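Trainee: To start, I am sharing the structure in question, which I have written as structure tokens.
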Amino acid sequence: MDTVHGLRLIEGDPPGTTRILRVKVVAGLNLAKKDIFGASDPYVKIHLFRGDREEGLICSVNTKTIKKTLNPKWDEQFLFRVNPRDNRVLFEVFDENRVTRDDFLGQVEMPLQTLPTENRAGELPYKDYILRPRSARSRVKGHLRIVIGYTRDESTQDDNISETSTQIEEPGWEVLEIENENEVQQNSTQPPLPAGWEERVDNNGRVFFVNHNLRTTQWVRPTGATQSGGEEQSRQQANNEFDNFRLRRLISEDENSLSSHLEEAAQITERSDTTQVSNTTPYSSQASPPITQSLDQLPNSSLGPLPPGWEAQKAPNGRWFFIDHNTRVTVWTDPRVSNRQHPRAAIHRPTTNPELGPLPAGWEERVHADGRIFYIDHNRRTTQWEDPRLQNPKIAGPAVPYSRDYKRKYEYFRSRLRAPTGVPNRFELKVSRNNLLEDSYRGIMAVKNADILKARLWIEFSGETGLDYGGVAREFFYLLSHEMFNPYYGLFEYSATDNYTLQINPNSGLCNEDHLSYFKFVGRVAAMAVYHGKLLDGFFIRPFYKMMISKNITLNDMESVDSEYYNSLNWIMENDPEDLDLTFCVDEELYGQTLTKELISNGNNIKVTNDNKSKYVDLVIKWRFAYRVQNQMAAFTSGFQELIPLDLLKIFDENEIELLLSGLGDIDVNDWRKNTVYRGEYHANHLVIQFFWRAILSFDNEKRARVLQFVTGTSRVPMNGFAELYGSNGQQKFCIEKWGTTSSLPRAHTCFNRLDLPLYSTYQELHDKLLIAIENTEGFEGVD
């Protein structure tokens, strides 16, 4: 007799209080791949609960584990005694890991009131349920095939049971579960897609929606309102994006051109940030009690003892605060940090600083009791933390020469580009806005002598009259790059980390048989843009730029692209992988089929050990970024080097290649600061954080872009600003966390958009070390 799980049968309960639920877990379909070392080892955990999932848990059972497949077949049956009125059942699919914790592959939850009863033959139909994420960070896909329903009890066939049975047996009818959102059929809360739309799942398990009417893709599910106003909305969004694109430029403005800094600096100090600060005058402490604390009792003992009369204590929330018994005040800021930069004796400070010059008329600089400088505006009778002189771009301009000297490299690069000989004066291209990609492809690829593409561009849009003196060509490259990089056409796809950096689609050949010719075309267009001083509106993952200049791709490049790969490979490098039974093979999923690829000859029979794990990790990285797309990348570079020699391109590094192709944008420091979060001891008014934003404000856009590249992996800011910055776990704001010692350089975690910033004691120390870090990122240990 089969075991019955769940509730106990209690004598005296009215008939129908509990029923026997039959559950058969049949199979999983097209599950997400979480194990990079091979196909997943999935199993299903079934929970019966009432109310809260944890506190109201009644029982749990597991299926067996099916090894190395993304389409497991379990065919396991379970019986549960349930109360249909308030019980629920939850199916969770996991990938079993022997060393690390099991990976979550999706879940299905359903109430029990509306489930059918098996027919007289004891049969129930199966249904495929969409696997749902349990949080915004979950990456899941696929379906779970389940047979679920109540068994027939001949002694208790009441009207409800017979009615349900009749409904399920009638041909052409199906029981719709009103509260269940997990079925393949969409219920009333999930309306059908508008005409011309399609739902798809990308290689990372993320659902996106394809608009075949406008040939666009988006992450948000469209509605009827989307359809009615979608064309106008798309047009408005395109106009806004083009306006932002027009502001991008190839190199930063000349040092004498400071208008953009003036406008931005004027916004950086907001009225909302001003605060009332009392003019604290020290009490005459004739006999302050001697306060002594050993260094091991103090936070940051490396800073030495506290000043005389100071004491450190910890608040109930664990945060340290400091008591000044001399003036009878408490502060959050460590006086040892403040005193290094601003001695307490200097309560009133001169209004002139050799570095920053005099304060504006009507302003006064003072030092607060905790050592921080604040500024009094006697004109408006307000106080603020920010130095008003930072609003003057003549002061906040470039502090030191930029050692990378991208501008000088760019000028040298331009001087080495050879002008074509024996070609027409201009290259004319007539295209239609409605068929831009195909018209451009035919016109550009029809040119046999690539030098002709170096002639002056003369772009004409069908049905439009106008002379092209640069503006039309700029719009042409903007519109064409949108078409080329659109995931709708299958040549490129968004990276696993976010939805705005691109990578080559390794399965592009399945979308377009002539894909390699199109990649050569993309290479030609990219080179044309560089040659003619135009920009493309597209940003790629860092390994793409590295492959353009034949640089090795490292494990650190992996984190900003795919955090799961990075974590798995990093675990191998830090541990002995022999227990994993890995071989020099990787499994690749292709439309539901799992294919095994050998990384080296006879790799299926070579075990990964502690001695050869470095070679294994290196080969996996090459397979992930290079081997799978080597034909596409070869076609792209062949088209590119027809106009620009790749050896000449190698004077730039991978970050500068991004600037060369996509340009520099105006980075809104005010928006950046508003959408930054802090961890550890840091907060918005912390002295080190003030140093950081002062340094950012003093940088030109080129250096600001470098800082963004250092921390986030790209200089691109999302369309709607820093609030929509993405990391490996979805939207993740720019983050600054206290880390390390003052002898350390800042380090970055691109996967989490996080900057680890030591507690530097002076502005100049932070400024200089931040510049060193962003200019030499690849050489630093700990930079992810």
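Cβ coordinates are placed from backbone N, Cα and C, and glycine is handled just like the others.
Nobody curates TrEMBL annotations by hand; they come from automatic prediction.
These came from TrEMBL, pasted as-is:
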ACT_SITE  Cys751  active site, glycyl thioester intermediate
COMPBIAS  274-297  compositional bias 'Polar residues'
DOMAIN    2-126  domain 'C2'
DOMAIN    191-224  domain 'WW'
DOMAIN    304-337  domain 'WW'
DOMAIN    357-390  domain 'WW'
DOMAIN    449-783  domain 'HECT'
REGION    219-238  region 'Disordered'
REGION    258-310  region 'Disordered'
REGION    340-361  region 'Disordered'
Trainee: Tell me whether the domain 'C2' (2-126) sits in contact with the domain 'HECT' (449-783), defined here as at least 3 Cβ pairs under 8 Å among residues 6 or more apart in sequence.
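Mentor: Contact between the domain 'HECT' (449-783) and the domain 'C2' (2-126): present, because at least 3 Cβ pairs are under 8 Å.
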Trainee: Summarise the model confidence on the domain 'WW' (357-390) as a single mean pLDDT, whole number.
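Mentor: Computed over the domain 'WW' (357-390), the mean pLDDT is 79 on the 0 to 100 scale.
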Trainee: Mind tallying the domain 'WW' (357-390) by DSSP state, helix then strand then coil?
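Mentor: Secondary-structure composition of the domain 'WW' (357-390): 3 helix, 15 strand, 16 coil.
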